[in-house]
Amino acid sequence: QMTCRISGEVFTWCGTTCPLTCENFRNPPKHCPQGCFVGCMCRRGLVRHRNGRCVRPPRCYY
(Lines of atoms letter the chains of each structure in order from A and count residues from 1; the text may use other names and numbers.)
(Lines give C-alpha, C1' and ligand atoms only; values in the text may rest on other atoms or scores of the structure.)
Protein backbone atom coordinates (compact mmCIF):
# COMPACT_ATOMS: atom_id res chain seq x y z
CA GLN A 1 0.00 0.00 0.00
CA MET A 2 1.30 3.42 -0.96
CA THR A 3 1.28 6.23 1.58
CA CYS A 4 0.98 9.97 1.18
CA ARG A 5 2.98 12.57 3.07
CA ILE A 6 0.37 15.32 3.35
CA SER A 7 -2.35 15.06 6.00
CA GLY A 8 -5.76 14.42 4.45
CA GLU A 9 -4.41 12.71 1.34
CA VAL A 10 -5.04 9.18 0.17
CA PHE A 11 -3.24 7.23 -2.56
CA THR A 12 -5.29 6.21 -5.58
CA TRP A 13 -4.55 4.13 -8.64
CA CYS A 14 -7.33 5.78 -10.64
CA GLY A 15 -8.38 9.19 -9.39
CA THR A 16 -10.02 12.03 -11.28
CA THR A 17 -7.92 14.14 -13.62
CA CYS A 18 -9.86 17.19 -12.36
CA PRO A 19 -9.50 17.20 -8.56
CA LEU A 20 -11.43 19.72 -6.50
CA THR A 21 -9.52 22.76 -5.29
CA CYS A 22 -10.35 25.87 -3.31
CA GLU A 23 -10.63 27.66 -6.64
CA ASN A 24 -13.10 25.27 -8.30
CA PHE A 25 -15.12 23.42 -5.63
CA ARG A 26 -18.11 25.78 -5.98
CA ASN A 27 -18.16 25.23 -9.75
CA PRO A 28 -16.48 21.85 -10.45
CA PRO A 29 -15.10 21.21 -13.94
CA LYS A 30 -17.75 19.65 -16.17
CA HIS A 31 -15.41 18.21 -18.77
CA CYS A 32 -12.34 16.36 -17.51
CA PRO A 33 -9.89 14.50 -19.74
CA GLN A 34 -10.54 10.78 -19.64
CA GLY A 35 -8.02 8.67 -17.86
CA CYS A 36 -6.79 8.00 -14.38
CA PHE A 37 -4.61 10.05 -12.10
CA VAL A 38 -2.25 7.82 -10.14
CA GLY A 39 -0.96 9.34 -6.93
CA CYS A 40 -2.02 11.18 -3.80
CA MET A 41 -5.32 13.05 -3.77
CA CYS A 42 -7.31 14.80 -1.07
CA ARG A 43 -9.73 12.51 0.75
CA ARG A 44 -13.44 12.78 0.04
CA GLY A 45 -14.85 15.96 1.56
CA LEU A 46 -11.53 17.82 1.32
CA VAL A 47 -10.20 20.10 -1.42
CA ARG A 48 -6.69 21.21 -2.37
CA HIS A 49 -5.72 24.61 -0.92
CA ARG A 50 -3.35 26.85 -2.89
CA ASN A 51 -0.71 26.07 -0.24
CA GLY A 52 -0.84 22.38 -1.25
CA ARG A 53 -2.68 21.11 1.81
CA CYS A 54 -6.03 19.33 1.87
CA VAL A 55 -8.69 21.33 3.69
CA ARG A 56 -12.45 21.37 4.21
CA PRO A 57 -14.01 23.94 1.85
CA PRO A 58 -14.77 26.52 4.60
CA ARG A 59 -11.01 26.63 5.35
CA CYS A 60 -10.27 27.83 1.81
CA TYR A 61 -10.75 31.40 2.92
CA TYR A 62 -7.99 31.36 5.54
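Cβ from N, Cα, C; glycine included.
Annotated features, as they stand in Swiss-Prot:
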DISULFID  C4-C40  disulfide bond
DOMAIN    4-60  domain 'TIL'
DISULFID  C14-C36  disulfide bond
DISULFID  C18-C32  disulfide bond
DISULFID  C22-C60  disulfide bond
DISULFID  C42-C54  disulfide bond
Could you check which of the disulfide-bonded residues C4, C36, C54 is the closest Cα neighbour of C18 (disulfide bond)?
C36
Given the disulfide-bonded residues C4, C22, C42, C54, C60, which one's Cα is the least distant from that of C36 (disulfide bond)?
C42
Can you check how the pLDDT averages out over the domain 'TIL' (4-60)?
95
Could you say which of the disulfide-bonded residues C4, C18, C36, C42, C60 has its Cβ with the most other Cβ atoms inside 10 Å?
C42
Helix, strand or coil at C22 (disulfide bond) [DSSP, three-state]:
coil
Cα-to-Cα gap, C60 (disulfide bond) vs C54 (disulfide bond), nearest whole Å:
9
Return only the integer: C-alpha distance in Å from C54 (disulfide bond) to C4 (disulfide bond).
12
Between the disulfide-bonded residues C32, C40, C54, whose Cβ has more other Cβ atoms within 10 Å than any of the rest?
C54
I'd like to confirm something. Which of the disulfide-bonded residues, C14, C22, C32, C42, has a Cα closest to the Cα of C4 (disulfide bond)?
C42
